[in-house]
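Novice: Can you keep this structure in mind? I'll have questions shortly.
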């Protein structure tokens, strides 16, 4: 295969003259066009870029007021035409439809049926020059809304002023404003607005701040007819009222500020009223409008006292007031043209910027050119602005000093010729390793080798510094993190933070930072005071003799003043007892003692058992033991023999305990009842599991808590054994209910077996956590429900069972906080909480309150030191050798004996300061002189100044004492003025911006020109700043919206199909009310895109079967009559073999043939068309015929042989597989890419929404033998497999803008006797279009890949394809 010839890009031809105007008045449009024909693009060359049409305004003068609105005229042209729409009368009248039309459709002709809400689109576009709408000056051009002014001129900026004058200066009208707040029931006149008024604005402000305040605006005309809110009927919602050609807008009454406004000029008087009803609140109406000024001559005068303008100079300048032209009647500023006849007043001026002056300033002097004798030095001089307030100078442009003589930039100087001088030793080590230290050296006058040193021989002025700053970089410093929260809930505690040593970004070991200045990492913190128990004195004993008890008050208090709190605020476990036993004396024995009875002597002490707290359980899970000490004590607290307490029960010293079971019982479901009637049993399995829910040995679980494995169940009552048995009703007296005889075993005879146990529901669990139980009622009843007592005891259901609700919460506690006092007895606290092992918190009552650990206790009970006071160390030396610094000292709290104690002991005393400021000697600093003159009188030069190091008030001869990094510059470039150049840069006009929004670029030509205006090479202008040749433009953000096209017809005529429509992201251009169908990235548009596919269902398709035939084989003989055969097969639509085809339509599988090589050896005897065949042989069936084509006998299919116009078709022997045309349906989401190197991928990041997509295949193509053409748009033997029909030899897509075609076509004329003509070319059409065409050497085959964004390729001859005989 070979490629086509070289591509030829198209170029524009000349513009045509402007055509006729589209309107006779009111702003029409004339159009000029040009074609892409010089040359026409060929061989896949690019189409022209740029606009094909240009527009010009014409007949822009206004139309007469009697003339109809232009859009109204276009609708009225269709009056009487009903377009066969149901319900429209024959004399239908059409009027324009404005409201409810989308912005993008404003230039289509939508017309409404007069007197109805129904409207229709009568034309695709309005006539050029039609206004886009009633509320805009913009006009429609070629179906798009374009910017225009009120003068009806395209792209004009003219706008109406507040007086309604197009391009006016607001001088032809005045503003009338007022208020109204009188109340009277009904309608009250607010203001009469005369004819000719514009910019009407009336507002009624609600009395209550709510929409409904019983005052409502109304409008009537001068005849008393209400236009708005009449007859006591008020509109809540927004409305538009037409008064002549003006439209008055009403906000609706449902607003806090009810509003009427109109920007148009009204042609008749209107009366604004306020309707007051209900509570008769005072209305608050504010109005304003503009009215034309009377026709009497207006007086316009100059006003010399306009605003001040900018000062003429940066110093010692003058400013002037702007002279304005104003209307004398109301002082409104108007155009200067109005005052042209009057004498202009003198300018009012005043001095400005008087606080400074401009003069030449010597900035710096250079060193003397000779070290000894007379020489010279240069001065750096510049124009400076000198502030009189602070003496500061600021460099300004030299043109401000042009009126003053510039000083010479050279002056003479004298070098010191004295050979004696100072000699210096080496510098010492720096006194500090960082943070700014000093180093020193010795200075000796004269030669160091000479004995003695007389400093009077050396100039002190020339002596260099002997002390110098060093190591001024910052030292490593301490850094701190954030403080933690206070670790106690009350009283005094601690909070912590991190401290570390840091240098720049690195953390260092703490030894690199000063340990004395390390910030504290622990700090005390004070919460609210802790609550504690307070006890009162014991009260009197309740008895005067013998054992009694006494009481005292125990309160929970907090704070210095002992505020009483609820007892829950204090630790219940540490609560002191509020009662105790007492016995003042033994009571005398009152009964007589029998003779001989010995009165026992009373024991000297009363004894009782005392016991301590239990130890922890010996097992962490399951059963264990715990112990406590138990001893007998007398009332003095002494230990007594256990026998002395034998009269009291001894408390246990050991008991079984269980923290939590090692395993837990797990129950499975109950089985069904063992009987179908009466009393039975139900069982369940009970297993012991560990915390991982794995079954373990039963000894791991608490046997006492094991749930029941069986229980009673009661079904419905069993049927009676004997129906004749009767049972007396229970006696009302409550006597015996059953008088049947009792058997020997105690069970009742007769019906005793009918007695059974009945159970009630289980009660609530006795505990919210581990170790609870629940109960139920179990009673013995007979079959009538009466209580009896002869049920079997061994079958009695259980009345109580254990229940489990998870582990119980337990007490947990934190660390102790800091003591509230350093001595003398303080309080420390900690957090004590009741919670479960998983951290779930409960209130204190959920835990055993008597076991609560203490949350506060006494501390620092030692006595406080006597007379503490602050002690200070001597001050350190100043931290800086020069300039400001600081001194430090240590301050500590000590006792009278000098022993250090915590600082809290001295808190009541004022602490002495630990730091104070100090000042060393004055630091060396750089001084700079004035700048000298520029070394060049024009162009670039150098100017210099003197820079020296000053120590105190003297000048240091050496610069080593001042820091070299901050030394001012001693020279700089300068430019007095530009040297005259014979060359200059020339700037062209800016081109239009590359984008309308979103930051585009525009360019201009920049050329270097000589004095004669001729262009020269850019090197001649290299010493001048080159103007920019490109800049950004239209940087405002683009606005994008979704645009959708119309839905296509259903893709299928039967069964399931789909509708499609075009969905694109379009840019909204600023200043235009139309949208441009652009190719923007879908990510620019807001939200998700509208659907581009919609399913549709047609009637079910009938199953189809068809005969499929192969290609005829060769004739069985080479000369004379023979037979040729082909395959004939019945197939279904899925391509499967079938026997359902009708036999009567079966094509023939063989036919007689005769070779033209001998029978038809003379082609001149053959017909030349199918019409010739018909005339020679009469009416024949459609089929293949041999025709004489350009002297050759070629086989052509004749169709329509039963009609008077038979047609020639060429049977494509290679079939549909090699003869097809495709417009590819997928579109890349990012059209700037060409993924997979241009190969087709069905899984691309695409949308399948190209509405022009389609695929057509061809078995025969139509021939025009007279012109030797294939007609590409004949569809008789074409089959469209998807989407739209695609002409033969055509392909395209809307896939990518990056030369990545995907649309394909294929032509294969092999075996037909024809070939594609050599001169046949294909052309590309559309945006970013590209075509890749390949032809075979013999011209029988052509394949192509075409596309763009969106683009296609077609034969250059249009709907024809040139062919020749092979």
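Every residue, even glycine, has its Cβ placed from backbone N, Cα and C.
Unlike curated entries, TrEMBL annotations are predicted automatically.
Predicted, not measured: the structure shown is a model, and the values here were computed from it.
Take a look at what TrEMBL says about it:
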| type | residues | note |
| --- | --- | --- |
| COMPBIAS | 719-737 | compositional bias 'Low complexity' |
| DISULFID | 21-58 | disulfide bond |
| DISULFID | 25-63 | disulfide bond |
| DISULFID | 36-48 | disulfide bond |
| DOMAIN | 1166-1366 | domain 'GON' |
| REGION | 716-756 | region 'Disordered' |
Novice: For the domain 'GON' (1166-1366), what's the mean pLDDT in this predicted model?
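Specialist: Mean per-residue confidence for the domain 'GON' (1166-1366): 90 out of 100.
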Novice: Measuring Cα to Cα, how many angstrom lie between residue 58 (disulfide bond) and residue 48 (disulfide bond)?
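Specialist: Residue 48 (disulfide bond) has its Cα 28 Å from the Cα of residue 58 (disulfide bond).
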Novice: Using C-alpha atoms, which one of the disulfide-bonded residues 21, 25, 63 comes nearest to residue 48 (disulfide bond)?
Specialist: 21
Novice: Work out how many Å separate residue 21 (disulfide bond) and residue 36 (disulfide bond) at their Cα atoms, rounded off.
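Specialist: Cα-Cα distance, residue 21 (disulfide bond) to residue 36 (disulfide bond): 25 Å.
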Novice: In Å, rounded, how far does the Cα of residue 63 (disulfide bond) sit from the Cα of residue 36 (disulfide bond)?
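Specialist: Taking the Cα atoms only, residue 63 (disulfide bond) lies 38 Å from residue 36 (disulfide bond).
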Novice: Out of these disulfide-bonded residues, 58, 63, which one has the fewest other C-beta atoms within 10 Å of its own C-beta?
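Specialist: Result for the disulfide-bonded residues 58, 63: minimum number of other Cβ atoms within 10 Å at 63.
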Novice: Give me the Cα-Cα distance between residue 36 (disulfide bond) and residue 25 (disulfide bond), rounded to a whole Å.
Specialist: 33
Novice: Identify, in sequence order, the residues in the chain of residue 25 (disulfide bond) that are 6 or more apart from it along the sequence and have a CB within less than 8 Å of its CB; answer 'none' if there are none.
Specialist: 59, 61, 62, 63, 64, 67
Novice: Specify the count of other C-beta atoms within 10 Å of the C-beta of residue 36 (disulfide bond).
Specialist: 18
